[in-house]
Amino acid sequence: MIRPTAGTANGDGNGDTPTLATLRRIAREQLAEAGSESPAADADALLAHALGRDRSFFLAHPEYAPTPQELAAFRQSLARRRAGEPVAHLLGWRGFWTLELRVTADTLIPRPETELLVEAALARLDCRHPARVLDLGTGSGAIALALADECPAWRLTAVEASQAALAVARDNAQRLALTDRVQLVHGAWYAPVAGQRFDLIVSNPPYVGEQEPELTEGDVRFEPRSALTAGTDGLDDLRVIINEAPGHLTARGWLLVEHGYRQGAAVRALFTGAGFASVATLQDLAGHDRVTLGRQPR
Ligand SMILES: C[S@@+](CC[C@H](N)C(=O)[O-])C[C@H]1O[C@@H](n2cnc3c(N)ncnc32)[C@H](O)[C@@H]1O
């Protein structure tokens, strides 16, 4: 936590309120020490939030001395970040695709890797033509809302098992004025859409093995376990989603799923076993297997 002691957070040690430049420097140092992988970006995001200003203000006014209220808000969020809380939880939102989404401790924090799933979906169906699209495990609504925003002609159904996450998705859909394109429904995987077929099914389901060490590191420690884990090998939910997809796809319809970087071969085998054609895995920006897709035969 930044403490107003002489020569540190008090800037020049003369008892004045610390300037923005001083606060940024000290916050970066403290966050780096606390193990943040992006101390500069974290410090600026928290400072921008506390001040209600954007980063260009810091650059233009390094000498600005925050008010006591701004300083208190910043100190509080900095202390929580140093204790490991995700920046997205402290800000209450996360950017995804072209949208700003509200996120809470009840939702997964949308990841940049998941934008590959959005991109791959947009590459497979023509945005200009009406289509029925299903998003399984919508969380904050990230994938469904991004697709609905890009393609006004599409009609999305988004399923979520957590009522608390669904409330956040509803809030996002309302704020983004997308409620007429996205129907948000509560339930387990295909149960709420029994008897319905879709041109495209997308899902970023839980896919981490229950004993994986990554569950004890970074932001995931603060995210709902039910959004992350799926049995010992992480594939329990993917098995259900892939095996039951043919009964919910139109002829030539597509299924696209996100998965862990070591699960590409296993997920392709599940697609093939379920009778899918054109099965392929796409790599994320880090070059890791991330999204596998397949097409329902005629
Ligand atoms: C990895 S998160 C993905 C959230 C969001 N789609 C995203 O990409 O940010 C998986 C989501 O699936 C939901 N989920 C878990 N089991 C489910 C089930 N049986 N039926 C529907 N949703 C489920 C979780 O609550 C969580 O919101």
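In case you wondered, yes, glycine gets a Cβ from its N, Cα and C as well.
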**OP:** Taking TrEMBL at its word that GLY137, THR138, GLY139, SER140, GLY141, TRP189, ASN204 bind S-adenosyl-L-methionine, choose the one of GLU119, GLU160, GLU223 listed for that site.
**Re:** GLU160
Subject >> Entries of GLY137, GLY141, TYR207 (binding-site residues) sitting next to ligand 1, with Cβ under 6 Å as the cut-off >> reply: GLY137
**OP:** Identify which of the binding-site residues GLY141, PRO205 has its Cβ surrounded by the largest number of other Cβ atoms within 10 Å, counting every protein chain shown.
**Re:** GLY141
Original post:
What is the interatomic distance between the Cα atoms of GLY139 (S-adenosyl-L-methionine binding site) and TYR207 (substrate binding site), given in whole Å?
Top reply: 14
Original post:
Looking at the binding-site residues GLY137, GLY139, PRO206, which one has the fewest other Cβ atoms within 10 Å of its own Cβ?
Top reply: PRO206
Original post:
If you measure C-alpha to C-alpha, which of GLY137, THR138, SER140, GLY141 (binding-site residues) come within 10 angstroms of PRO205 (substrate binding site)?
Top reply: GLY137, THR138
